[in-house]
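One structure is given below, encoded as structure tokens.
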Amino acid sequence: MSTKVRKCKEQARVTFPAPEEEEDEGEDEGAEPQRRRRGWRGVNGGLEPRSAPSQREPHGYCPPPFSHGPDLSMEGSPSLRRMTVMREKGRRQAVRGPAFMFNDRGTSLTAEEERFLDAAEYGNIPVVRKMLEESKTLNVNCVDYMGQNALQLAVGNEHLEVTELLLKKENLARIGDALLLAISKGYVRIVEAILNHPGFAASKRLTLSPCEQELQDDDFYAYDEDGTRFSPDITPIILAAHCQKYEVVHMLLMKGARIERPHDYFCKCGDCMEKQRHDSFSHSRSRINAYKGLASPAYLSLSSEDPVLTALELSNELAKLANIEKEFKNDYRKLSMQCKDFVVGVLDLCRDSEEVEAILNGDLESAEPLEVHRHKASLSRVKLAIKYEVKKFVAHPNCQQQLLTIWYENLSGLREQTIAIKCLVVLVVALGLPFLAIGYWIAPCSRLGKILRSPFMKFVAHAASFIIFLGLLVFNASDRFEGITTLPNITVTDYPKQIFRVKTTQFTWTEMLIMVWVLGMMWSECKELWLEGPREYILQLWNVLDFGMLSIFIAAFTARFLAFLQATKAQQYVDSYVQESDLSEVTLPPEIQYFTYARDKWLPSDPQIISEGLYAIAVVLSFSRIAYILPANESFGPLQISLGRTVKDIFKFMVLFIMVFFAFMIGMFILYSYYLGAKVNAAFTTVEESFKTLFWSIFGLSEVTSVVLKYDHKFIENIGYVLYGIYNVTMVVVLLNMLIAMINSSYQEIEDDSDVEWKFARSKLWLSYFDDGKTLPPPFSLVPSPKSFVYFIMRIVNFPKCRRRRLQKDIEMGMGNSKSRLNLFTQSNSRVFESHSFNSILNQPTRYQQIMKRLIKRYVLKAQVDKENDEVNEGELKEIKQDISSLRYELLEDKSQATEELAILIHKLSEKLNPSMLRCE
């Protein structure tokens, strides 16, 4: 007994009323005894049961889930079938008292039944035992006017001994409802007693829902003849999971009970279609109740071999359902967050690096051996958490400490160095990058190779390579910083017979280096696309930005190359057919003459013009790519996250903005399209001018005179003033301020949780460098290293072994076909011996399973301790009062028996004394 319980017992002062005299057996059955009226009290115009000696429910009582009774008007409903069966069995629907609001017909209880229900409700163990043993006419299934029988009353008031006595009777009704009631109130010992009843010997009792049980039994889970106490889809294990009863969930799992995962929301099977057609609301509620049970920490802890993986997958599934079933969006979001909190809670209980690694990496012993060999720290759970955006799990100190250790792998001394030393290392790597690449090509497995393969060095190398690429972009335009010497209307050539376009389309050495860098980055993106798959690749916005940037670069250089080819062909024509040395004195064909023109005469669709435009866009995207590495810094990381969230808000705002903008643009164009040349300026006379005027009006760069006409058409002009004014008020005052408010709200959300957001973004950046590969940055990655050839040959050699290993795994999982088994078992004796040893290993729990079992045990113990700390004294005080009440009846029974024995002794003594007195007389 805990210290809190002892204190409660010391503080408890229970005053018991005087024992009531037993009523005469011949009492009028139609009259309601005063004793029965004291058992009930009026509440808000109705009646509410009052259990002596306290009315409060114990702390931790789980309110029943949403419940609705069946439609009695429906022909062939379970309630009508149940009532028919009860009439056939001769069960009498009695009521406790004259109030008939809860029953269609009222039948008064006999005095014996009144006394029996009283004893069961108040825990009078001696009376219940005596009536069950001696009475021949007692109906143990008699009910009060609320429809509760003796078992339900005893369970509701936590009378364990009375419940055990009642469970010994045959044909006892509503045992399932009593079990659900005991689970909801947290009466573990009563739950255990009910589960030991022969009625639960069949496992189907615990796996089928009450609505399915109604098709087989009359009232096993029923509260009364009108339906169940809880929702018809609530099974005992679902209710126990809802109420977070770990002991009860464990008992039910040992009995074979499981929560069936609902079908996919878009499932078209016959069962789902029938439920959706019959009652869509009930079907949706049943799905929510099932997911509440599946997402319960009690069920996740005790039912899954890998609770962390199960919780992560379930959180993602619930998040998707929140976006699908909008009407239950908040419910599904809470359940998804509950699963995420469970994972964080388990991670928080780790005590050493081995346990942290087990959670972050998953079960490495069940993974492919080649994958484990290639990288011991797979971090599969961290990758999954990042994919499902479980930010608190990734940003947890235990996870961050482990990631930081891997980040400085093979560079343990650098972790404790100052910022100045780290910056010096970055500078050295940037300057010596070509030499480091050569050293890695020659000796990839040397000390230098191991250092370059560390995530930090890979990050520094890639960042330095990209900085060099940006430097090339700037240097390529440095000759035009102070202006150009060749004006757009001037042509300059190296020799008289040279075509001007040949000079302008030639590639410089910086442009060639830029193209090499672009090819290297494109090769890296192709490898990443191959490894991750198209879907995972596109889901990462930085990959989309990289792909777009590189595509524009390639398009720009392609257009530039086409222009160079055309100019070269023109030059070849001139060299072959023109004899004069000065082209200005020669008449050339139009298609050749075009390439001698100055820039001001080029066509708008000229490939070189298109190339220059695309190149400018690609340069802008290249510099914006710097934001990718900003999360590595604690100061700039939150700013980059806020910028990304702001861009999302702008895209959302653009929908409303475009709608309003397009409406006024078309309206103003229709109004002024007839006045081309009759306005002060050309605003709104064409669609293009209308777009320009309204767009720059947002920034205050349009004039009010844009709506003024030269003619005296005041009506049109006034309408223009009104529409233009409404547009400015709507766009500038309303929508722009709304956008500012949205951006401010998003920034505040990031700022309030900046540490978690930054660590989550930094972890995503780190993980991109944790996997093997991408050691050398572009453009050095274009040259394959000797290690790549060795790995390629090893894959070819090990391909048959990998195939046999997959076949062995399929057979062990019961998935291999007969042909696969035949091919496998015809291998050498050594292979057979290895398979036998592998099977023997499978029979033993893996190291991961042992660690997970230890962590889950801590989690359950912590949950139970937290629950005990949260409980108030009222619940424990009521339990003490109930025990004292039962003890009172036992003492009264002992007193009654002692009185009877004393009366018998006095009678015997008087019989012996009377003859002696007569003889004396």
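The backbone N, Cα and C atoms fix where each Cβ goes, glycine too.
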- Is it the case that Swiss-Prot assigns Leu180 and Lys648 to the same side of the membrane? yes
- Item | Range annotated as region 'Binds to IP3R3' - as stated in Swiss-Prot, picked from 283-303, 367-387, 850-870 | 850-870
- Range annotated as transmembrane segment in Swiss-Prot, from 415-438, 607-630: 607-630
- Can you name the far-off residues of the same chain, 6+ from the ends of the transmembrane segment (460-477), with a Cβ under 8 Å from a Cβ of it? 425-426, 429-430, 433, 436, 452, 508, 510-511, 513-514, 517, 521, 619, 622-623, 625-626, 629, 769, 774-780
- Message: Give me the CA-CA distance between Asn489 (N-linked glycosylation site) and Glu525 (Ca(2+) 2 binding site), in Å, as a whole number.
- Response: 42
- Message: Please list, in sequence order, every residue of the chain apart from Glu525, Glu528, Asn543 whose Cβ lies within 8 Å of the Cβ centroid of the Ca(2+) 2 site.
- Response: Ser524, Cys526, Lys527, Leu529, Glu532, Tyr537, Gln540, Asp546, Phe547
- Same-chain residues at least 6 beyond the ends of the topological domain 'Extracellular' (674-713) whose Cβ lies under 8 Å from its Cβ atoms: 661, 664-666, 668, 720-721, 724, 727-728, 731-732, 736
- The answer for the topological domain 'Cytoplasmic' (528-540), taking Cβ pairs under 8 Å and residues 6+ beyond its ends, is 773
- Could you check the recorded positions Asn489, Asn543 and say which one's CB has the fewest neighbouring CB atoms inside 10 Å? Asn489
- Message: Taking 10 A as the limit, how many CB atoms besides its own sit near the CB of Glu525 (Ca(2+) 2 binding site)?
- Response: 18
